[in-house]
Structures are given as C-alpha cells and as structure tokens.
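Over in TrEMBL, the protein carries these features:
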TRANSMEM  54-75  transmembrane segment
TRANSMEM  81-100  transmembrane segment
TRANSMEM  112-131  transmembrane segment
TRANSMEM  151-173  transmembrane segment
TRANSMEM  180-208  transmembrane segment
TRANSMEM  220-238  transmembrane segment
TRANSMEM  250-272  transmembrane segment
TRANSMEM  278-299  transmembrane segment
Amino acid sequence: MRRTAWRRAQENLIGALLAIFGHLVVSIALNLQKYCHIRLAGTKDPRAYFKTKTWWLGLFLLLLGELGVFASYAFAPLSLIVPLSAVSVIASAIIGIIFIKEKWKPKDFLRRYVLSFVGCGLAIVGTYLLVTFAPNSHEKMTGENITRHLVSWPFLLYMLVEIILFCLLLYFYKEKSVNNIVVILLLVALLGSMTVVTVKAVAGMLVLSIQGNLQLDYPIFYVMFVCMVATAIYQAAFLSQASQMYDSSLIASVGYILSTTIAITAGAVFYLDFIGEDALHICMFALGCLIAFLGVFLITRNRKKAIPFEPYISMDAMPGMQNMHDKGMVVQPDLKASFSYGALENNDNISEIYAPATLPVMQEEHSSRSAPGVPYRVLEHTKKE
C-alpha cells in the first residue's frame, strides 16, 4: 500500500515537473517570436521573420514545450495538470518586466508593477498548494479503463448537461448575437474540458504503448484522438473570435478561470480524480485554485491596455494644406469621438478662408426665350488679409 502511494506520488511529481517545464518553455518561445515580429515590423517583406534564427528557435521551443505538457497528462491526474497553466502567465509577466527597454525610477517601477509582483506571488503560492495537495488517484490509461469510464453513468450525465449548456450558449451567441465574453469563453471552456479529457487518454495510451503494453489496437484510442483534434480546432476558432472583440489580458484571466474550473470538474467526473481523498486535501486543493485564480487576475489586470486604433487622414500632411497647429486648431480627431476622416474640431473658430466651397443648385427656367445655361455655379472665396 505504501509502495503504491509512493509510486503515485512520484508520478504526480514527474507530471507536475513536465507541465511546469512545458508551460515555461512555451512562454519563452512565444516571447521570442513576439520579439522577432516587433523587430521586423517595418520591413517590406511581411515574412521576413522566416529568415531569422530567433523565430525558428521560438518555434522549436514551442513544439518542445507543448510536447512536455502533452506528456505530463500521462503521469499525473487531470486536476493537477490543468491549473498549472498559470505558470505561463507568471513567466510571461516576469519576461515582460525583464525585457523592458525604458528606464524607470524605483518609485515609478514599483507603482507600475506592484500588482504584477503580488499576482506572481499569489500564483506561485497557489501552484505550490496545487502540487502539494493534488489527488493521487491516478490509474493506467489502458483501453479497458478508458472505455469503462466513457460509458459510466456519471460521465454520461455530465456529457448530457454539457451538451445542453453548449447548445444553449451557441444559440444565444449565433442567433441572438450575445457577444458577451463570458458566453464565448464558456464555449471555449466546455470544448477545452473535452480536449484535456481526450488528451490524457491519448497521451496515457501512447506512453503505455512505448513502455511495451500496446494500446493502439483499441478503437477507443482513435475515437479519443479524433475528438481531441476536433475540439481543439473549434476551441481555437472561438478563441480567435474572442480576441477580435476583447482585450487579450481579459481573455487570459477569464479564460483561465473558466477553463480550469470546468476541466477540473470533467476530470473529477471522468477519471474520478478525487475518489478516496480526504476533506482536508480537497479543501486545500480548492484553496490553491482560488489563490492561483486571484494571482492570474492581478497579473493580467496590470497589463497596459492597447489604445484602439482609429484611422484618419492627416489634413496637414496633404499637399497645399496650410499648417494650422500653430494657431491651436485641432486637425486630428479625438480617438474617443465617432469615426471620421480628417474631421476638424471647433469648426466655428476656423477662419472663413478654410471653409469649403459651396455648390448651390441654380434653378433652370424652362422657357423658350432662355438659353440652356450651366445648372451649377461655384462660389469662390477670396483670401482676406
């Protein structure tokens, strides 16, 4: 009994280390690729980053990190691996601070990044509690075990509730145009819960096959593989739609909380992660999740939001247009105003010489004595000295 518990604890540790390593490497890879894109933003060739070693190094590290996260599901319970994605948020926050190009005074630096430091500390404490009080009810991912869990009545009931909820959310999102971020990220989280369930099954069966216990001849392996790919693709599609409407920091915090909560629930129902655990371990694990949630929220809350870009035509850059900045006249529209091209504010104060020429319509008299004339006449403005 003790030997079995010790072996499970070792597997939990291996899975947690693989997940932490994978998320850390993924965060470094994404920051390397982002740095490469920013550095080559002004080049004529839109694909110049393909020619840089930095971008390819980032791609290699990205694949390596994802492979580590994938392998971690084969060794540790689903409820332990999923919350460890907070490591990516922590690493991104630290890397972002290290690579700042501007020089800050200590007072300004602490004031600007105090929430990030507090969030990182809370996320680290939450991660420690998750690893320490994680469930130990991990079993071998054989074809028989996965099939047995798949047809169990708790999971079938859970799937029925999830399908009904997903259809309702999809109806409100598509038919009623309810574009609330919670609705979109709930769709992502519901799909993500099925993704991690199938990922654990596929990864566990592959590891057992590599160890000599062949599992690839079970049809359930290919069913899980197809479900994994399909849910991952649709999950990425909904995430792409959310990123077009909401800020990335808001998506990161809300998405992490919703996805982790629903994925832990799915793991507890499908793989029975918390069977045999005492109440103290379950409460401490839940406390670790809440602390990690708060830490991620504070880290993403402190990120500087991008100012929405609104295109305009710079009037003072047009040929023949006189410069009006020296007279205190605003040429560019305020970003908070409505969409406009080259709109001028305070039009009443602009001199008459800048008023546009008017084109009044001249009524044509229909008579036999009048000759056909020009129906329009341009009123010219003379410059007042």
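Easy rule for this one: first residue shown is 1, then count along the chain.
Cβ atoms are placed via backbone N, Cα and C, with glycine included.
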Stretch of maximal Cβ-Cβ contact with the transmembrane segment (81-100) [cut-off: under 8 Å; candidates 54-75, 220-238, 278-299]:
278-299
Is the count of Cβ pairs under 8 Å between the transmembrane segment (278-299) and the transmembrane segment (112-131), pairs 6 or more apart in sequence, 3 or more?
yes
Suppose I define contact as three or more CB-CB distances under 8 A, residues 6 or more apart in sequence; do the transmembrane segment (151-173) and the transmembrane segment (250-272) meet it?
yes
Check the transmembrane segment (54-75) against each of 112-131, 180-208, 220-238, 250-272 and return whichever range has the most CB pairs under 8 Å.
180-208
What else in the chain is close to the transmembrane segment (220-238), if you only count residues 6 or more beyond its ends and a Cβ gap under 8 Å?
143, 146-147, 150, 184, 187-188, 191-192, 194-195, 198-199, 201-202, 205
Residue numbers, six or more beyond the limits of the transmembrane segment (180-208), whose CB comes under 8 Å of its CB atoms:
70-71, 73-75, 78, 81-82, 140-143, 146, 162, 165-166, 169-170, 172-173, 214-216, 218, 220-221, 224-225, 227-228, 231-232, 234-235, 238-239, 241-242, 245-246, 250-251, 254-255, 258-259, 261-263, 265-267, 270-271
